[in-house]
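Pulled from Swiss-Prot, these are the features on record:
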type	residues	note
TRANSMEM	22-42	transmembrane segment
TOPO_DOM	43-388	topological domain 'Lumenal'
CARBOHYD	88	N-linked glycosylation site
DISULFID	103-127	disulfide bond
BINDING	106, 108, 150, 151, 152, 158, 181, 324, 325	UDP binding site
BINDING	181, 183, 324	Mn(2+) binding site
DISULFID	246-261	disulfide bond
BINDING	300	glycoprotein binding site
DISULFID	315-316	disulfide bond
REGION	368-388	region 'Disordered'
COMPBIAS	378-388	compositional bias 'Basic and acidic residues'
């Protein structure tokens with residue numbers, strides 16, 4: 001065999017070897033990518049939780065899995081509905097007249113079609129009056145264009161302008177005033193039931209109570225909070241004009257800032273739990289509260305929640321009021337499960353309505369220890385709650 005033929009065979013073998021190496025590399029990359037995808041989608045949801053930044057309340061800081069909000073657009077057409085012929089809604093109709101609730105929804109132009117209209121088509125229609133607060137008008141939503149910019153840094157400013165608008169135009173149209181986000185789902189009938197004994201002239205507000213930053217606690221913005229008419233009056237007339245009582249610039253977390261303002265004008269942070277000590281306002285979707293160990297005990301929520309909270313079915317009142325981070329599609333699912341699905345042969349008899357309270361009087365709080373916290377910036381609080 002000549003030297004030239006040996007050289008040619010050597011080059012050929014080297015080429016085949018390089019080709020096999022290249023193919024092996026490609027196969028390895030494909031397998032590695034597939035394994036990585038499998039690992040990501042099989043990892044428990046709590047691995048995606050982000051640490052909470054107490055000075056920034058937002059999606060990236062909350063215990064909400066990113067995949068839960070993928071289908072944000074919701075249905076293009078109204079899903080429709082039907083009446084229940086034998087349904088007895090006498091009490092709900094009575095409360096609709098006696099406990100008037102104005103619901104205002106924090107939204108923005110990019111969410112008008114994506115989120116806000118689905119609030120209007122589902123739970124929003126059960127409010128006595130529904131108003132969308134944005135920075136641009138919208139004929140379908142009848143949205144109010146507030147004189148404030150969009151973005152997280154303007155949420156406090158938008159909240160102030162919203163309540164000023166409500167006080168000027170609608171203060172006598174309702175007894176209670178609910179603020180909710182465009183991804184909050186609210187069972188309005190249950191809220192009326194909770195509010196029924198209270199006078200709207202009592203300076204009080206209710207929601208999911210957190211304990212840092214404000215001595216008496218403050219209500220989570222995402223879960224929604226509801227102010228009495230007197231609370232709105234004090235906020236707009238007494239707190240907002242006074243920079244010593246209320247932050248004048250637009251920066252800051254809106255739920256914390258309004259909590260400080262309301263405390264400064266002696267509006268009480270009420271206890272919204274039921275008689276069994278179960279919560280009614282929730283900052284996450286039902287799954288996150290109902291499934292034990294869904295959230296790591298080191299997650300910020302457990303340090304922020306004001307009252308001791310159980311996991312599992314005991315987490316939540318049978319008369320729960322709100323959940324947060326609800327996608328548009330989930331709103332229709334919840335609407336069906338709550339207002340249409342019926343187990344045959346089981347009739348739910350509502351509890352008797354409680355007695356009315358005098359102006360300034362509150363229901364006694366559940367006697368128990370408030371939760372403690374050791375996180376930076378979170379005040380420790382373990383004294384037994386007192387009857388107000």
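Backbone N, Cα and C define each Cβ position, glycine as well.
Note that the structure is a prediction, hence the values are computed from the model and not measured.
Taking the centroid of the Cβ atoms of 181, 183, 324 as the Mn(2+) site, the other same-chain residues with Cβ within 8 Å of it are 180, 182, 184, 185, 222, 224, 325, 326. Each residue contributes its Cα atom, and for residue 150 (UDP binding site) and residue 127 (disulfide bond) those atoms are 25 Å apart.
Counting other CB atoms no more than 10 Å from each candidate's CB, the binding-site residues 150, 181, 183 peak at 183. Nearest neighbour of residue 325 (UDP binding site) by Cα distance, taken over the recorded positions 88, 103, 127, 183, 246: 183. Taking each Cβ in turn and tallying the other Cβ atoms within 10 Å, the top scorer among the recorded positions 103, 106, 127, 246, 315 is 103. Across the topological domain 'Lumenal' (43-388), mean pLDDT in this model comes to 85.
The two recorded residues, residue 315 (disulfide bond) and residue 324 (Mn(2+) binding site), have Cα atoms 15 Å apart.
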